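Student: In case it's useful when we look at the structure, here is the feature table from TrEMBL:
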TRANSMEM  82-104  transmembrane segment
TRANSMEM  134-153  transmembrane segment
TRANSMEM  159-181  transmembrane segment
TRANSMEM  244-267  transmembrane segment
TRANSMEM  308-330  transmembrane segment
TRANSMEM  384-403  transmembrane segment
TRANSMEM  409-427  transmembrane segment
TRANSMEM  439-467  transmembrane segment
DOMAIN    480-573  domain 'STAS'
Amino acid sequence: MASAHKDVELSQLNTCEKIPYDELLKNHNAKISHKIGDFVKRRLYILNWLPEYDRTKAIGDFISGVTIGLTMIPQSLAYANLANVPAIYGLYSAFMGSIVYIFLGTVKEVSIGPTSLMSIITVSYTYEKPIEYVFIMTFICGCVEMLMGVFKLGFLVDFISVPVVSAFSSSTAILVIVAQLKNLFGIKFKAKSLPLTIVRLAENINQIKIGDTALGLFAIAFLLSLKKLNELGTKSSNVKLKKFLFYFSLCRNALIVLITGFIAYTISASEMELPFKLSEEVPAGIPSFQLPSFTAKVANETVEFDEIVMDIGSGFILLPLVSILANVAIAKAFTSGKIVDATQEMIALGMCNVLGSFFKSIPTCGAFTRSAVSNQSGIQTPFAGIYSAIMALMALTLLTQYFNFIPKATLAAILICAVLSLIDIRIGSKLWNKSKIDFLSWIGCIIACIAAGVEVGLLVGVALSMINIFLKAARPNVVIYVDKKKDEQIIYVRPSEGIFFPGIDSLREKINITLIKTDYKYPVVLDLIKISSVDYTSLQGIESIIMDLNKHNLTVTFANVDEKIQRRLNLIK
């Protein structure tokens, strides 16, 4: 019998398809290679669009890249001043992120570089500290961003609600505007917080310089007029006029720098006294590629890396979170509902900052204003970043001798006009009408940001917005009514939210009140159709409900129970 059984097995084997070992190994390696290829394409994102790159896309990227560069250069100088570092470090921050994002970035519209948001958070942690603190902050924040991407922690950003994002952006814009008033009016003082800045402005009101004020107001009027000109151009039926006004408007930052810089140069050449303050002298050249120093000198004493980390503290968490939030928000805004690979965006942003720190960059992320410019100027792929990076490098090597002719009031005007669009007050009335809790988180975030700083304000906003979630968990909505089923009266109970430990007592209380009102006459049917999971405390609470009913010789019937929950319920029956 054993021999016969063996013959059957051999017969069956002979009828099977024969696959040589080498072929099996080849198929296995092909599968592995396919998985590796997918991983490489997902992480080195340039491989997804580069094979289809053509002349048409190259022209679109060139036009868009140059346009972004004309916007980025004056903004970078202004954002460096906002971060309380010399203007040259803004340009150092303008090229590396653009280059790195070409290889790793997934959203063509994103323009990596200095932003008002990152600058104001940076200065809140590095105010009056050695500049090495800024580079260390850039490096570590980049590392944190990459780690968040590797461990897929992008969900943390989901806890920052839309009202909080709006409040945070509006508050940051207000802080930027108030902080730049001293440069706009030609006043010199130091102040870290908004309340202190207002006090210092009031104390120095008699020091306002007419020249700076006039030039600054002229620059603001010029910038806002050109922006409005573009809006009027969109209504025109003349295509050529529309394109001209569009590109003319996009160059408004570069134009105001050229105009006011030429005025300053002309006055200086005539050896007349300048009626307004100029930017500091900018050294020419590109910084050497090297690891940032992890120590700093303070009052002739060396501050070690661990002390610097303790000084910056929560900044190493808040700054990466905010930068990721900005990048993901930009990505969602310009991808027309497509799924955004948040993990890849975090890795790309992290690498931009890590490598940027080797060139003495301040912390960077995507900028809403530049991303809107890239979208409007017809960008095709992230390769447009190479042209804006080249323009920044050219500015560093060829134009630095002219940067010290840029008036400080002009840079202040550029910053003020750049952030004006971020202020959204109208959302307040919408939130008041639709959700008082969201209005509370919005107004609370604004007040905290202005009074205590953006880092505290963001945390306050998140905490307030979480109240709604906690209330729903603690007081879940429950549908309860007396029904008739098969000639029997029942009390029908259907929780419309999850049953977790904060809300189980509320559910038990509502059931008991109903039982009292019906004189303990009817059994209970607990419909769990909307419940996908329960915790230990909830199971204990359900057991208590069963015991309450058993005392009055009543039963509980469970309906529409998930299989996993059913197994857990069986343990308490």
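Cβ atoms here come from the backbone N, Cα and C positions, even for glycine.
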Student: I'm checking region-level scores; what's the whole-number mean pLDDT for the domain 'STAS' (480-573)?
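Tutor: Averaging the confidence scores along the domain 'STAS' (480-573) gives 84.
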Student: Can you tell me how the residues of the domain 'STAS' (480-573) break down into helix, strand and coil by DSSP?
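Tutor: Per-class counts: 37 helix, 24 strand, 33 coil.
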Student: If we skip the immediate neighbours and take only residues 6+ beyond the ends of the transmembrane segment (409-427), which ones have a Cβ under 8 Å from one of its Cβ atoms?
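Tutor: Cβ under 8 Å, 6 or more out: 74-75, 77-79, 81-82, 87, 116, 163, 166, 169-170, 172-174, 176-177, 180-181, 183-184, 186, 212-213, 215-216, 219-220, 223-224, 227, 253, 256-257, 260-261, 276-277, 279, 368-369, 442.
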Student: Are the transmembrane segment (82-104) and the transmembrane segment (384-403) near each other by the rule of at least 3 C-beta pairs under 8 angstroms (pairs 6 or more apart)?
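Tutor: Contact criterion met.
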Student: Is the transmembrane segment (159-181) packed against any residues at least 6 beyond its ends, judged by a Cβ distance under 8 Å, and which are they?
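Tutor: Distal contacts: 82, 116-117, 120, 187, 194, 197-198, 201, 321-322, 325, 329, 412, 415-416, 419-420, 422-425, 427, 431, 438-439, 441-446, 449-450, 454, 457-458, 461-462, 464-466.
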